[in-house]
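Notes follow once the structure below has been shown.
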Amino acid sequence: MLKTSIARSAPRTLGGARIAFRPSPFRPVNSYNQRRGYASEAEEKDVVIIGGGVAGYVAAIKAGQEGLKVACIEKRTALGGTCLNVGCIPSKSLLNNSHLYHQIVHDSKSRGIDVGEVKLNVANLMKAKETSVAGLTKGIEYLFKKNNVEWIKGTGTFADEHTLNVELTEGGERSVRAKNIIIATGSEVSPFPGLTIDEKKVVSSTGAIALTEVPKKMLVIGGGIIGLEMGSVWSRLGAEVTVVEFLGQIGGPGMDSEIAKATQRILQKQGIKFKLNTKVLSGDVSDSSISLKVEANKGGKEESLDADVVLSAIGRRPYTQGLGLDKIGLETDKSGRIIIDQEYRTKIPHIRVIGDCTFGPMLAHKAEEEGVAAIEYITKGYGHVNYGVIPSVMYTHPEVAWVGQNEEELKKAGVKYKVGSFPYSANSRAKTNQDSDGMVKFLSDAQTDRILGVHIIGPAAGESIAEAALAMEYGASSEDVARTCHAHPTLAEAVKEAAMAAYSKPIHM
Ligand SMILES: Cc1cc2nc3c(=O)[nH]c(=O)nc-3n(C[C@H](O)[C@H](O)[C@H](O)COP(=O)(O)OP(=O)(O)OC[C@H]3O[C@@H](n4cnc5c(N)ncnc54)[C@H](O)[C@@H]3O)c2cc1C
């Protein structure tokens, strides 16, 4: 349990010597210790977290586990934030079930399964998604209760450095004081200039996971992970999908160029069309359809593309609206991220920031790691997140996953590296499953053989990447992975063989 500020302001002893508590150099003169008189006005917690998304709810549960008096302010009617309500979970439900549908329709005969008439029921597809979301968000509520986390339902705003005013969802206001505050307010969709998102015809990812019928034609602006996942869902269900991407490569930042090209080829085979190096100039929305004017990046003829639904998937931006950061003098950078140090502290050291609203990749598992680490910094003074080993996964079929650096990054940094690749077409399990598109690629240091990056496109790549992440976390070499016995027949054997290819030779190729 954290010491109270009264205890902290009193002289402390360390190894028998008396030491005086010295306020942090960051701490302003009107600090918490001098404002104890306000305590009666508002209830006081050890930690209050603003935002019940992955970053916030994980921090809250961890704080509860550590015995801290903790509250989490969340304005949504369900916990779990973007990830559980409108992000990772609902999109994966649709990806999984649309893949099943597509497989039943197009890929069952050769497996000895003759199916009769197959009918898609979009309403029930959405219901299945909602059932998963409801189950998981309720699960967080249960974990809050189990770990004595109070959920304050409402919108939190800073009144001062230690006090938050909450506009309660059910009406009225409440004030809560905290020794430590963690901001975990997440992110929101970046708007596309000139296109108004109505979540019906012009949709963000939030609208794309809630369409009531399959569009005939769908245009996706942005060939990053979210655009390709949602494009895959609606393409599998029958929409004619075209992805317009400004860059010359799909997949967004971090995806290895060779893997991105392979991904594009496979998605094209599945029916998705791509327009790379192309910029969207403007959009014209009418009752019946939408027309986008596009042009090649390097100039050229304008072209019009028509669709019933346009998905704008150009990225997300940090969300800090209404927090009242200016009231306590906290700043954001040009991209809207709240500025912090390596222990997630703002310049007011008892206020920390984690998750999408600050630096680093906007990923749920990164947010989760930070939630744990932030609480450990508070309770123990140290925490651990290895930003060099945060995996990324795109849940298309096949999945694409990677961890560490890609070839382009290594070249740019002048690092000498070795490459070991192994195709799933030579992996017995993938062959048996008739699902053998893709490959595993190891990049390891030319001298030491230490793994620098692993890139996978293939079945269950999102699961296989965990092995690579673990190996990298422990500073393993590709030989370490290659000499580890992998069960047969498994997709994981492709990981082992790619590691073998990096330090010596694979057996099955
Ligand atoms: C379609 C889609 C698919 C995705 N898929 C994946 C995936 O497969 N894997 C992955 O790792 N990531 C994925 N992401 C990203 C992932 O959802 C985010 O990285 C993650 O949710 C970030 O967590 P967070 O807690 O920082 O923010 P959020 O989840 O955005 O949570 C912030 C919460 O704070 C609340 N809040 C904000 N301001 C206040 C306030 N003043 N008072 C009270 N409450 C407030 C918000 O209501 C929100 O619930 C996806 C995102 C999208 C949109």
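Yeah, the Cβs are placed from backbone N, Cα and C, and that goes for glycine too.
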Inset, instruction - According to TrEMBL, GLY222, GLY223, GLY224, ILE225, ILE226, GLY227, LEU228, GLU229, GLU245 bind NAD(+); so which of GLY154, GLY156, GLY300, GLY315 is the extra one listed there? - result: GLY315
Legend entry - CYS83, CYS88, ILE226, LEU228, ALA364 as recorded positions, winner by CB count within 10 A: LEU228
Legend entry - Residues flanking the NAD(+) site, with Cβ no more than 8 Å from the Cβ centroid of GLY222, GLY223, GLY224, ILE225, ILE226, GLY227, LEU228, GLU229, GLU245, GLY315 and excluding those residues themselves: VAL220, GLY231, VAL243, ILE250, GLY251, GLY252, ALA313
Inset, instruction - Among the binding-site residues THR185, SER187, GLY222, GLY224, GLU245, MET362, report those whose Cα falls within 10 Å of that of CYS88 (disulfide bond); none is a fine answer. - result: none
Inset, instruction - Specify the secondary structure state of GLU245 (NAD(+) binding site) as given by DSSP, simplified to three classes. - result: coil
Inset, instruction - Filter the candidate list CYS83, ILE226, LEU228, GLU245, HIS488 of recorded positions, keeping only entries whose CB is under 6 Å from an atom of ligand 1. - result: CYS83, ILE226
Legend entry - Least surrounded among the binding-site residues, given as GLY222, GLY224, when other CB atoms within 10 Å are counted: GLY224
